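Enquirer: Marked as shikimate binding site by Swiss-Prot on the basis of sequence analysis: SER22, ARG23, SER24, THR71, ASN96, ASP111, TYR227. Marked as active site, proton acceptor by Swiss-Prot: LYS75. What Swiss-Prot lists as NADP(+) binding site is GLU87, GLY136, ALA137, GLY138, GLY139, ALA140, ASN160, ARG161, THR162, ALA163, ALA164, ARG165, ILE225, GLY248.
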Amino acid sequence: MRDSRETFVNHAFVTGYPIKHSRSPLIHGYWLKQFGIAGSYRAHEVTPEAFPEFMGQLRDGGTGFCGGNVTIPHKEMAFELSDRPDELSAELGAANTLWLEDGRICATNTDGRGFVANLDERASGWDRISTAVILGAGGASRAVIQAVRDRGVKTIHVVNRTAARAQELADRFGRAVHAHPIAALSEVMAGAGLFVNTTSLGMDGEPAPAIDFSPLANGAVVTDIVYVPLKTPLLRQAEEQGYRIVDGLGMLLHQAAPGFEKWFGLRPVVDETLRQIIIKDMDVHA
């Protein structure tokens with residue numbers, strides 16, 4: 001089987017709408033330079049209306065890309081239009097990583113892998129817990145629920161302002177997942193070992209939630225998939241109450257690694273130098 005690296009000359013992309021804010025080119029550019037690969041990775045903005053045509057051109061070789069990343073709002077359409085989605089993306093109904101094999105578009109979703117890799121790096125032993133609480137039931141929560149469940153967490157409470165959306169996720173991901181309205185947050189936090197914020201609350205310009213983390217288990221981990229600001233008000237509150245915290249930047253970095261390996265043939269490492277490059281860019285564009 002010929003893979004895409006034999007057909008195309010190591011050119012990959014990230015697409016979304018808008019996309020100019022993406023830090024993915026910085027991440028992959030760092031790895032390309034580190035490995036001395038004469039390839040490229042660039043942002044390629046595509047509107048939702050033009051995305052089906054873009055996927056057709058990718059399949060036919062008209063874009064010159066061997067694959068790439070897909071972000072908001074194209075993840076669901078990327079899954080639907082791919083030829084060979086894997087089980088991860090099929091369960092999520094969304095793909096964020098595409099590559100070509102024999103003229104077919106293959107698809108996966110690395111968000112969940114990025115999430116747990118970040119926890120593994122920054123909160124070793126987190127997966128010895130039995131109960132997790134996930135705040136939010138939007139698209140970002142799906143990969144987190146899937147990844148936490150697949151690491152063996154037996155009880156996952158999904159809390160959302162609209163309980164019906166949380167119930168949709170419970171129905172999708174099986175018996176380990178339980179849906180709750182926001183009024184039940186404190187109750188379901190009791191004894192939990194992991195708290196995950198998958199909402200935009202606490203992002204720059206967004207109001208921060210007032211959450212008392214004291215019902216959590218001693219030594220619990222609180223993490224936020226938001227990484228701007230790096231330490232969100234929610235994480236500050238958890239830290240002040242004595243809990244281990246993990247920011248969301250590592251998820252962004254770790255989810256990028258599997259795609260790079262698909263397109264360029266080498267497995268990159270998420271190191272502190274890369275992390276500091278992204279933090280510096282965040283400071284410059286704050």
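Cβ from N, Cα, C; glycine included.
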Enquirer: Non-local Cβ contacts of ASP111 (shikimate binding site) (under 8 Å, 6 or more apart, same chain)?
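Expert: Spatial neighbours, sequence-distant, of ASP111 (shikimate binding site): ASN96, ALA140, ALA143, VAL144, ALA147, MET251, GLN255.
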Enquirer: How many other Cβ atoms sit within 10 Å of the Cβ of ARG23 (shikimate binding site)?
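Expert: That number is 20.
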Enquirer: Give me the CA-CA distance between ALA137 (NADP(+) binding site) and THR71 (shikimate binding site), in Å, as a whole number.
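Expert: So the Cα of THR71 (shikimate binding site) lies 18 Å away from that of ALA137 (NADP(+) binding site).
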Enquirer: Which residues does GLU87 (NADP(+) binding site) neighbour through Cβ under 8 Å, counting only same-chain ones at least six apart?
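Expert: Long-range Cβ contacts: none.
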Enquirer: Restricting the comparison to the recorded positions LYS75, GLY139, ASN160, THR162, ILE225, which residue's C-alpha is spatially nearest the C-alpha of ARG23 (shikimate binding site)?
Expert: ILE225
Enquirer: Would you say which of the binding-site residues SER22, SER24, THR71, ASN96, THR162 has the most Cβ atoms within 10 Å of its own Cβ?
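Expert: That would be ASN96, with the most Cβ atoms nearby.
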Enquirer: In which DSSP state, out of helix, strand and coil, do we find LYS75 (active site, proton acceptor)?
Expert: helix
